[in-house]
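Scroll down for the structure; my scribbles are underneath it.
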Amino acid sequence: MFDIDRWREIFQSINKNRLRSVMSGFTVSFAILLFTLLFGIVNGLSNSFTSAFVDDAQNSMQVRVRKTTKPFKGLQTGREIQLRNDDYNFVKDTYKDKIQYQSARIYKNFTLKYKNEANNYDVRAVNPDHQFLEKTIIDEGRYLNERDLNEKSKVIVIGRLVKEDLFGEKPALGKRLNVNGSSYLIIGIFSDEGGDNEERIAYIPVTTAQNIYGNNDYISQINLGYNPNLSLDAAIAFGNKIERDLRKKLNIHPDDQSALSVRNMAEANKGVGMFMGALYAIVILVGSGTLVAGIIGISNIMIFVIKERTKEFGIRKALGATPASIIGMVVQESVLITTIAGYLGLSLGTYILSLIGNNLEEKYFIKDPSVSPAIVIAATVVLILSGLVAGYVPAKRAANIKPIEALRAD
Amino acid sequence: MIRIEKMHKSYPIGKDSLHVLKGIDLHIKEGEFVSIMGSSGSGKSTLLNIVGLLDIHDEGNYYLNGELIKDMNEKKAAILRNKFLGFVFQSFNLISYKTALENVALPLYYKGINRKERLEIAMDYLDKVGLKQWANHLPNELSGGQKQRVAIARALVTKPKVVLADEPTGALDSTTTDSVMDLLKDINDEGMTVFVITHEEEVAEQTKRIVRLKDGVIISDELTNIGKAV
Ligand SMILES: Nc1ncnc2c1ncn2[C@@H]1O[C@H](COP(=O)(O)OP(=O)(O)OP(=O)(O)O)[C@@H](O)[C@H]1O
Ligand SMILES: [Mg+2]
């Protein structure tokens, strides 16, 4: 393998027979180019899909209510459904081990005012777990905690853009903020990868909101994070069960999707997963087809090449070449050609993908198409192996021809 | 050097087989200069190829340099060829993409000698056959006689014990034939055993011993005038 003279023989043979070498390399380059482009583009699609879901936790579920659309047990349609703390606790107690995070949510819209700056903002009254469900990132201070809820404290966590609007460059943490007329302590400032709208809001404890604004135990929606140990199917079943149980508890027709529904990330994930799975399956099929075509191409060319060189092998044998040295020479040449040709195809492919970059994101839903190092390594290994096989089989046959027959060949 | 006892060889042709060598007994001592003559198809090349380990015999014994050649695998045969034998073919058999110098150096590559030394030795031998200034030419830039001299240099470069030549002058005109024969004589004078097939009486007369084959058997085996003179 590391015999310089052997390499010299091979380079000479490749160099002096350029057309032949280029021909054998071309099929491989082309196959790898197609393979790279295909994989890259599917990865681009996949990137678009995953980035569409980065906002919330992957295991999040939301229980939402609206008006009934079906009569049930003498109750008429059009009835407004209201979730209460009791429902929240029911979910919490009934499905304890299937839930990782749980938070209530009440939607409010308040004027927030600091000194002379004032603005209307969406304010969400939530539980501490909400931080993980919404993937809220704390930049300064802290998030809401259990104590804030128990004491119904007037504390507030504001979004990065709220802080920018009201405080500009000045520090906001620890300052008092006027929320709809009452004074709240700013305990934290957050950011969110979900975009600007998710950073132009504020969070207060759900108990505080219930106490001050209406003095009731209403909640707008229940957010859950199912136990990540659940399989997608189990998580979907879990969502359906909550739906059934809560409809029963709230006297809603079992099929009234509008009155109460669980929006389950698991379902979306499963859909995307199945779609991506199907896409990858197709790619792997088409991709390996291309590779196999490339391998068959180079094998055929190697057979032809070796036939053409039979006489040369006969001469070499007469001069003292062992069969092993002939096989070694041919295989090494074949591996070298496949590897270089494959590398060229791969480089060209990655270059084209990098040119595409994010240009196709809008129109074709392809974001940052690229091939992962693992794929590159796998493809390289496949190349080297195919070079080995493509060279070995015909070389072995050629090396076993009796020298006198090889010499007679033309 | 070469001892052959009751050697038989047949070629399969479809279902039948063609009996080519029918019991050859031949003994060639070290330093001999032997020519084989015989009509076309009498089995001369077959015999030479077996002696050269390029083909295998069916029956009888063959000793090369005292070693019985039997059940030889390709690897061992390759090593023996490289060590003991040098070949000169009627059709030269040079590798077309290698220069004269590289062709001559090739057997040394299979001997495991490093490149620098290889090329030096090869150059010496090219010089010996008078082709030093043609060292970097490809075979298709050389005349038939020059090609054959390159082939002879290649056959000699490993200092073999036996040089086997199958009609080395068959493709050459009379002047170049003489120069090739002079080379073979020089080699023999240096002590190498030379075994040459030819159709031409004038060529055979320049060797020391003539073996005549007919239909796969030896019909005569005599010293030439030169041979007797020694
Ligand atoms: N590989 C082979 N398969 C079948 N028959 C063969 C083979 N090689 C040689 N023969 C036959 O064996 C016989 C002897 O052939 P060989 O080449 O030894 O003759 P030769 O004396 O060298 O003849 P020439 O002077 O024409 O070179 C011929 O009839 C030839 O056709
Ligand atoms: Mg012949």
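Every residue gets a Cβ built from N, Cα and C, even glycine.
Annotated features, as they stand in TrEMBL:
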TRANSMEM  A:21-42  transmembrane segment
DOMAIN    A:26-236  domain 'MacB-like periplasmic core'
TRANSMEM  A:278-306  transmembrane segment
DOMAIN    A:287-403  domain 'ABC3 transporter permease C-terminal'
TRANSMEM  A:326-353  transmembrane segment
TRANSMEM  A:373-393  transmembrane segment
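Ranked by the number of CB pairs under 8 Å to the transmembrane segment (A:21-42), the listed stretches A:278-306, A:326-353, A:373-393 are led by A:326-353. Within the same chain, residues 1, 6-7, 9-10, 13-14, 21, 24-26, 28-37, 40-41, 44, 298, 302, 306, 313, 316-317, 369-371, 376, 379-380, 383-384, 386-388, 390-392, 394-396, 398-399 sit at least 6 positions outside the transmembrane segment (A:326-353) and bring their C-beta atoms closer than 8 Å to a C-beta of that stretch. Here the domain 'MacB-like periplasmic core' (A:26-236) has a mean pLDDT of 86 out of 100.
Using DSSP to sort the residues of the domain 'ABC3 transporter permease C-terminal' (A:287-403) gives these counts of helix, strand and coil: 98 helix, 0 strand, 19 coil.
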